[in-house]
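Colleague: Okay, handing you the structure first.
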Amino acid sequence: MRYIRLCIISLLATLPLAVHASPQPLEQIKLSESQLSGRVGMIEMDLASGRTLTAWRADERFPMMSTFKVVLCGAVLARVDAGDEQLERKIHYRQQDLVDYSPVSEKHLADGMTVGELCAAAITMSDNSAANLLLATVGGPAGLTAFLRQIGDNVTRLDRWETELNEALPGDARDTTTPASMAATLRKLLNSQRLSARSQRQLLQWMVDDRVAGPLIRSVLPAGWFIADKTGASKRGARGIVALLGPNNKAERIVVIYLRDTPASMAERNQQIAGIGAALIEHWQR
């Protein structure tokens, strides 16, 4: 009897710790909002089941910024699957087609780039001109929004081209999504029959090869963990990341984090997103 009582006491002693540990990522988000003097939206979703594991302002609108480029290339791959596009098709363009921040496309004015190369540039280097050239192939912002509606996303909307879509005005619904809608759309593109298995692998690989996300979740990723991501940024107080994460080099969860309406510097925004990512990973490992 004494042994049983001791076991019960030991079990009860662990309960407050478990309850305290559970909201830890949300406590970090609240702290980030306080330090940023802005809003944070976040969702952590199980890739296989679609179950929401953690959420904060998940149904509020946030500017997509360059995170839309993953959805854009998903729409391009859907056209490839349908036989309406080819990743090997070459697109030629002129100097006047280039916009600010085009580190890859500006080097290929003479020879052009294939559709596949443009997707790689748009996702791995966040090349804005590459995104605009691809956007034209799917019918512009209205065409991409129509694609979203077709796959069941009735929230996410693209209204403008690069670079105007990064304006992120307070209260402006243009070029926005919600963390919940973006996560659900990513899951449809990467874990359903919306895209062929080959196209899913290609989209994921472009995200794995992201070369401009170093200061965010990648900076706190434990050894041996998988990450595939795409970031977004605005000069007007916004920042974002969409990512797939998991231990043992496997994609297990979707994480979407958006910031908006903060006066914080870009370095501070990066640091806060990294902190939220670290809290999620720490909680995951318990």
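Using the three backbone atoms N, Cα and C, a Cβ is placed for every residue, glycine included.
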Colleague: Disulfide partner of Cys73 per Swiss-Prot: which of Cys7, Cys119?
Modeller: Cys119
Colleague: Looking at the recorded positions listed here (Ser66, Cys73, Glu164), whose Cα lies nearest to that of Thr231 (substrate binding site)?
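Modeller: Of all the candidates listed, Ser66 is nearest in space.
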Colleague: Roughly how many angstrom lie between the C-alpha atoms of Lys230 (substrate binding site) and Cys119 (disulfide bond)?
Modeller: 12
Colleague: Sort Glu164 (active site, proton acceptor) into helix, strand or coil using the DSSP assignment.
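Modeller: Where Glu164 (active site, proton acceptor) sits, the three-state DSSP reduction gives helix.
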